[in-house]
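Feature annotations, courtesy of TrEMBL:
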- B:16-55: DNA-binding region (DNA_BIND)
- B:Gly90, B:Ala91, B:Gly92, B:Asn93, B:Leu94, B:Gly95: NAD(+) binding site (BINDING)
- B:80-180: domain 'CoA-binding' (DOMAIN)
Protein chains: 2
Amino acid sequence: MKPMKISEAVVRRLPVYLQVLNDLNMRDVQTVSSQELGNRLDLNPAQIRKDLAYFGDFGRKGIGYDVTYLIEKIRQILKLDQPLNVGLVGAGNLGRALCNYNTYLKDNMKITAVFDVHPSMVGASINGLTVLPMEKLKETIAERNIRIGIITVPATEAQNVADKFSEAGVDGILNFAPTILRVPEHVRIHYANFTTELMSLAYYLDEEGDKENDETVVD
Amino acid sequence: MKPMKISEAVVRRLPVYLQVLNDLNMRDVQTVSSQELGNRLDLNPAQIRKDLAYFGDFGRKGIGYDVTYLIEKIRQILKLDQPLNVGLVGAGNLGRALCNYNTYLKDNMKITAVFDVHPSMVGASINGLTVLPMEKLKETIAERNIRIGIITVPATEAQNVADKFSEAGVDGILNFAPTILRVPEHVRIHYANFTTELMSLAYYLDEEGDKENDETVVD
């Protein structure tokens, strides 16, 4: 399926390309140059050409990329042409917010089960999904062929949930709890950490120079 | 301040190192090797040594890194030793979840103002912050020296909010809405997109091989 080992940086850019391409497609744009993609994404067009060249010879000189063809190719590469079921533990604000993304997940990727560790949350309905108790995790993951687990519980509970997901047989975990987790070798874990996002953004702020002075009024 | 231009990949790893180091520090661990950091983060120790060498000669052969010293250095590099005020637009589930992270933002980085486009949300209290109307955005950002704006509104409203943030003078935007936004040259935008996170995780799933068959039961 995959022609070669692709760097994680490229894999992380592909969904972003897909997002822009879907947007162009919705507006009936038929071809797009690497220059235009670069402008929209604030990326070097040469970088984009290089990224996409990993997957074959998509572009045509002077014309650019065929939008629908490129969408189809990226979807294949990311395996979005196959159903992918996702389970989530933690029906708090963040978990609820993520379930609402199901609307955007037009592809086959979908949150198909929600769990919570607190009995008081069990039975609640979120975007059409009924919150299940943790005791149902293993059987539900098997029954619904859930391959990715999302963790949206507090940091202190996250390792326990990661263990349960791993035991239940998921292949990947997306962890939103602000803590590093240990998982077995065969489980791939990604971190979606709000604070690290903010911190890496903060790094860049001074590059433009402080416009005024640095006095800060704290609330 | 910054010794050289550091790649974005490195900047993105620094907060993750910081998170592990803070965790070690809380458990009174005084030194850590690149090997141990690598084990915890599933990263190549050589990569970690290379990343940290950008910022000076921290490590000592055979002993490792001094945890508190490294924390201090990374905090300086990321400018977490200075106050950084953050504003957020979109007081829905996701916005509320992010405000709750203020507890984790032990550093000087803090969400100090929350806004919403819907009058019905104005006046609500989230984690001690009162939701303000959009008309207050510009003056509040100036008064509280807010330098980063977070967007947690639906995709259709996100460009409008990005424009308002840019006009109000923020230097950076962290966008959670699943859409690409246009901002002026001097504003740095980062995307925290749940669907792209899921997609890049999905890419890796088949590497371990499908354990069973590919039949999927959809809810």
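Cβ coordinates are placed from backbone N, Cα and C, and glycine is handled just like the others.
Annotations in TrEMBL come from automatic prediction, not curation.
Just so it is clear, the model here is predicted, and its values are computed rather than measured.
Structural mapping of features recorded in TrEMBL.
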residue : record              : Cβ within 10 Å
B:Gly90 : NAD(+) binding site : 27
B:Ala91 : NAD(+) binding site : 23
B:Gly92 : NAD(+) binding site : 17
B:Asn93 : NAD(+) binding site : 19
B:Leu94 : NAD(+) binding site : 26
B:Gly95 : NAD(+) binding site : 26
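Residue counts for the DNA-binding region (B:16-55) by DSSP state, with H, G and I taken as helix and E and B as strand, are 28 helix, 2 strand, 10 coil. Proximity to chain A, defined as a C-beta distance under 8 Å, is registered for the following binding-site residues out of B:Gly90, B:Ala91, B:Gly92, B:Asn93, B:Leu94: B:Gly92, B:Asn93, B:Leu94. In terms of DSSP secondary structure, the domain 'CoA-binding' (B:80-180) contains 38 helix, 31 strand, 32 coil.
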